[in-house]
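Below you'll find the structure, written out as structure tokens, and then a few comments.
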Amino acid sequence: MQIASRLDRLPVTRRHRYFVAVVGIATFFDLYDLFLAATISTVLTKEFGVTPTTLKYVLASAFVGAFVGAVFLGRLADRLGRRRAFLLTLGLYSVFTLLGAFSTDVWMLVICRFIAGIGIGAELPVADAYLADLLPARARGRATAWAYTIGFCGVPAAGFLARALVGHAPLGIDGWRWLFVIGALGAAVVWALRFTLPESPRWLAAQGRIGEADEIVRKLEASAPRPLPEPEPEPPAPEPVRASALLRPPWFRRTAMLYVFQLLQSFGYYGFGSLVPIVLAAKGFGLVTSLTFSALTFLGYPIGSALSIPVIERLERKWLIVASAAAMAVFGLAFGYATSGVLIAVFGFCYTAVSNVFSNAFHTYQGELFPTSLRGTAAGSAYALSRLATAAMPFVLLPILHSAGATTMFAVVAGAMVLLMIDVAVLGPRTTGESLETIAARTSRA
């Protein structure tokens, strides 16, 4: 049936755009939530009398849950399908985020954040696998960047909503609780939209369900302008089905690269975004000013994501990751040194902008490295390490911030990004513009 080559010959159709939009809107609420706890951390300190030690657990809870979700639900996407995994992850997030809005003490909030985090943890790697499965090779990076551009609008949305609601009590309910309600109800709407998404044809074909895969591809072909070129011959690619294959040749080199990458990128990406309000407070700014600067800084996330769209298919993915990581190290150090409000806003904005060129490149990249039967497992397990590192981050970076200051903390972050650049440059394969089957077949060289 040549399912893969028939998918790759397609132009980007209206149906492809719909799939990208639904995944992007779901990602909006995931990223909204991931950055929410840090945004309202100073408020929780007053609401529940949270101590600096307890605050670390509040910040870490969703990321620990994300570690659990990425490990177990990422594998579920390879076993039961991308669509079922999507519905489960978003359902968990929506229900327990809503429950978190009604927390009566900080430990109830920590528990709700942990379980909601299980859903969040699997959402992004499953999204990466799903988009990689469905999108044509020549448009894979650009379309994935569009999905994440939609998604990253959730980060400034969290910042500006916090700025508007914190300190107020609409309908007699504390503003910070409304922030969780908004996230939960929005995710519930997207959960309903997810029922309209088809299963991944590549996943169905890998399970031997060729007829179902063919039906989905036929619908995509029917929505494309005619005539379509003949499908190209598909290279033979190994289709291992056991997760342990990731730790053996020929996949181990890519697995090692991706695992090291995910451990390090957490310090550069979430180490900045999730700690900005706390860093600003340490620099002496008040609550309202910190929230305002955070919101302005967070505008760089969707703008940087949009800036990646015209370049992500023009530049080799691995070198785009390396270049944007270098820019993150430079702007992070500049932000750490900055003392004036203007420089803090400028360098913070530049950091978040380049970090989302970096993010879109690596989300596309990790979805390309492994065959269909391992794609969700590889992305999920690697992403789990990222969440574990992010959960540990408050216990590592906050003591450095409080004892040595923001400049030293960002020097540690910059060091992590330099190691990441070496990892990808040495071990990462080239992927831009190639079919997933060609990339999977070419495992003997980078």
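Cβ atoms are placed via backbone N, Cα and C, with glycine included.
Keep in mind that TrEMBL annotations are predicted by a computer and have not been checked by a curator.
Values in this document were obtained by computation on a predicted structure and should not be read as measured data.
Per TrEMBL, domain 'Major facilitator superfamily (MFS) profile' is recorded for 19-432.
The transmembrane segment annotation in TrEMBL covers 20-43 (among others).
Annotated transmembrane segment per TrEMBL: 55-73 (among others), in sequence order.
Here TrEMBL flags 85-102 (among others) as transmembrane segment.
As annotated by TrEMBL, transmembrane segment applies to 108-131 (among others).
The transmembrane segment annotation in TrEMBL covers 143-166 (among others).
Long-range neighbours of the transmembrane segment (178-197) within the same chain, counting only residues 6 or more positions beyond its ends whose Cβ lies under 8 Å from a Cβ of the stretch, are 18-19, 22, 25-26, 28-29, 32-33, 36, 40, 83, 86-87, 90-91, 93-95, 97-98, 100-101, 158, 161-162, 165, 170. The feature transmembrane segment is assigned by TrEMBL to 178-197 (among others).
Residues annotated as transmembrane segment in TrEMBL: 256-279 (among others).
As annotated by TrEMBL, transmembrane segment applies to 285-307 (among others).
Tertiary proximity for the transmembrane segment (319-337) is limited to same-chain residues at least six positions away from its ends with a CB under 8 Å from its CB atoms, namely 265, 268-269, 272, 308, 311-312, 343-344, 347-348, 350-351, 354-355, 357-358, 361-362, 365, 405-411, 413-414, 417-418, 420-421, 424-425, 428. For 319-337 (among others), the entry in TrEMBL reads transmembrane segment.
Marked as transmembrane segment by TrEMBL: 343-362 (among others).
Sequence annotations record features per position, and here TrEMBL assigns transmembrane segment to 382-401 (among others).
Taken from TrEMBL, the feature transmembrane segment applies to 407-427 (among others).
The highest tally of CB pairs under 8 A with the transmembrane segment (143-166), across 85-102, 108-131, 285-307, is held by 285-307. Here the transmembrane segment (343-362) has Cβ contacts under 8 Å with residues 141, 144-145, 148-149, 152, 155, 261, 265, 268-269, 272-273, 276, 280, 283, 293, 296-305, 307-308, 311-312, 317, 320-321, 324-325, 327-328, 331-332, 334-335 of the same chain, all six or more residues outside its ends. Between the transmembrane segment (382-401) and the transmembrane segment (85-102), fewer than three CB pairs separated by 6 or more residues in sequence fall under 8 Å, so the two stretches do not touch.
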